[in-house]
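S.K.: Could you have a look at this structure, given as structure tokens, before my questions?
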Amino acid sequence: MATIEGALSFSAASVVEDVLQQHGNRSRHLDFDARRAEEAAIRRYEAATWLRKMVGVVGAKDLPAEPSEEEFRLGLRSGIILCNVLNKIQNGAVQKVVESPCDPALIPDGAALTAYQYFENVRNFLVATQEMGMPTFEASDLEQIVDCFSGWKILKVVNCVLALKSYNEWKQTGGNGVWKFGGNVKTTTSGKQFVRKNSEPFTSSLSRTMSSNEKSFNGVCTDKDANRTPLSMLVRAILLDKKPEDVPNLVESVLSKVVEEFEHHIASQVESKKASSRDSNISHGSKTMVKPSSPSVQIEEKNVAASSRDHILHKDKIYDEESESKFIKHQMIVDQQQKDIKVLKQTLSTAKAGMQFMQVKFHEEIHNLGLHIHGLAHAASGYHRVLEENRKLYNQVQDLKGNIRVYCRVRPFLPGQCSYLSTVDHIEEGTITINTSTKNGKGRKSFNFNKVFGPSATQEEVFSDTRPLVRSVLDGYNVCIFAYGQTGSGKTYTMTGPKDLTENSQGVNYRALGDLFLIAEQRKDTFFYDVSVQMIEIYNEQVRDLLASDGLSKRYPF
């Protein structure tokens, strides 16, 4: 064994020791992470158990006794449990606790709570704990865990809950002195332990074997291996906290790693020896080639070397010039771009200022337009109100004048009747006096009407007194105008006009229709009227339709 290792630059003991040290370091890191995770879980279980004890099983139905980090966050994210516990420790710390509108278990993972509940419960709890001088956390620490700092966020929440527990225990013991919370709460529960039992027998036997092997390696170890840790201590450190059933797999893994490392060391040493022998052969050959060289060859080689060096320097100079020109061009482009950016920024700021000014003016114009429209609407409502009042007053005046009005019109003499004598004695505003013959001589008889029109009255004068009645039709009233008298008394002339009809000679019918259409046109922006016309004749106790379209006079049965 000594002769084999003498040919090598390393020992088997050093390879085994390196593998054991690497394995031990990796195991210690893994054990430390596991131990830290288990300690965090024990603290979380303690916090959850105390919260369930304070609010009861029903109040903490969403918080398991041994929750995971996600279950712990979901159970506390509504803030109801935290606020209720704080009120039990210090009465009135949270004035109002908003109860959950629905079962939190039915809220999907990551779904946002109602903003009212979130800001009322969690914010009030954090404010109260901060005023009490306790460690707090951020409201976002109770949101969904999606980053690498999730464990640290939940740890802050657990630390706050355990601080409340410590404060509660301090108050229950009398509250003597000043309460302080160090942050490292010692757990009293019998949690899971990391001590592995029943590994000492195998460790002792393996240590005895390794110590016997160490004695055989001491003679071949170099001086640099004298300061290494003994193999027995490395083996004992690795197997100290391992279960018996894990030892065979561990030994197999270590041995396979030792063999792999040993083979790697041997291969590396062989390659290094081959490379050193190859370099020595090349150096020997180069020496033999240099010896026969002549002075002319050496001069030629120097010239070639000088020319190549000059060529390289020339290329480097050209490359430097090109690089400098490219740099200058690039710098010019950058400067131009910076100038363009400044111009664009100025243009943008000007455009923003213009848009803001236009926006202000637009709002002012909209405001003024709204005020103007409001004034117009108010004026329109007042106009309609006054118009309605005027309509009512107008029709009341017409009613006061009488619903039934009787007018009298005296027909003038026709051409060729100028020598005839008139029986009309005189005409006043509403009275006409007629000369009558009696047995004892001439007599007079007076008749009263709403108004009497003399022989000289025009068609316009006759219609002007009936015009108010015509306008009442557009206000919704029923109006009837008709003429009666003996044959030849001038009924057709008064209602229609003569055969040769002109604007001045139009009768009541034409003038009434014209006045109706004129008023309807004036009120078209306010009212819509539907006008229909019917013309009938009563002759010999029969009613006929004078506007029948079939060419025959339609007779009505009444």
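Including glycine, each Cβ sits where the backbone N, Cα and C put it.
Sequence annotations record features per position, and here TrEMBL assigns ATP binding site to GLY485, GLN486, THR487, GLY488, SER489, GLY490, LYS491, THR492. For 267-277, the entry in TrEMBL reads compositional bias 'Basic and acidic residues'. The annotation domain 'Calponin-homology (CH)' is assigned in TrEMBL to 41-169. Residues annotated as domain 'Kinesin motor' in TrEMBL: 403-558. The feature region 'Disordered' is assigned by TrEMBL to 267-306.
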S.K.: Least buried of the binding-site residues GLY485, GLY488, GLY490, going by other Cβ atoms within 10 Å?
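M.R.: Per-residue Cβ counts within 10 Å for the binding-site residues GLY485, GLY488, GLY490 bottom out at GLY488.
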S.K.: Please give the average pLDDT for the domain 'Kinesin motor' (403-558) in this predicted model.
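M.R.: Result for the domain 'Kinesin motor' (403-558): average pLDDT 84.
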S.K.: For the ATP site (GLY485, GLN486, THR487, GLY488, SER489, GLY490, LYS491, THR492), what does the 8 A shell look like? I mean other same-chain residues with CB within 8 A of the CB centroid.
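M.R.: Other same-chain residues near the ATP site: ARG411, ALA483.
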S.K.: Please report the number of other Cβ atoms within 10 Å of the Cβ of THR487 (ATP binding site).
M.R.: 5
S.K.: Around THR492 (ATP binding site), how many other CB atoms lie within 10 A of its CB?
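M.R.: There are 13 of them.
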S.K.: Counting Cβ atoms within 10 Å of each candidate's own Cβ, which of the binding-site residues GLN486, SER489 comes out highest?
M.R.: SER489
S.K.: Tell me the Cβ contacts of LYS491 (ATP binding site) under 8 Å, same chain only and six or more apart in sequence, or just say none.
M.R.: ALA483, TYR484, GLY485
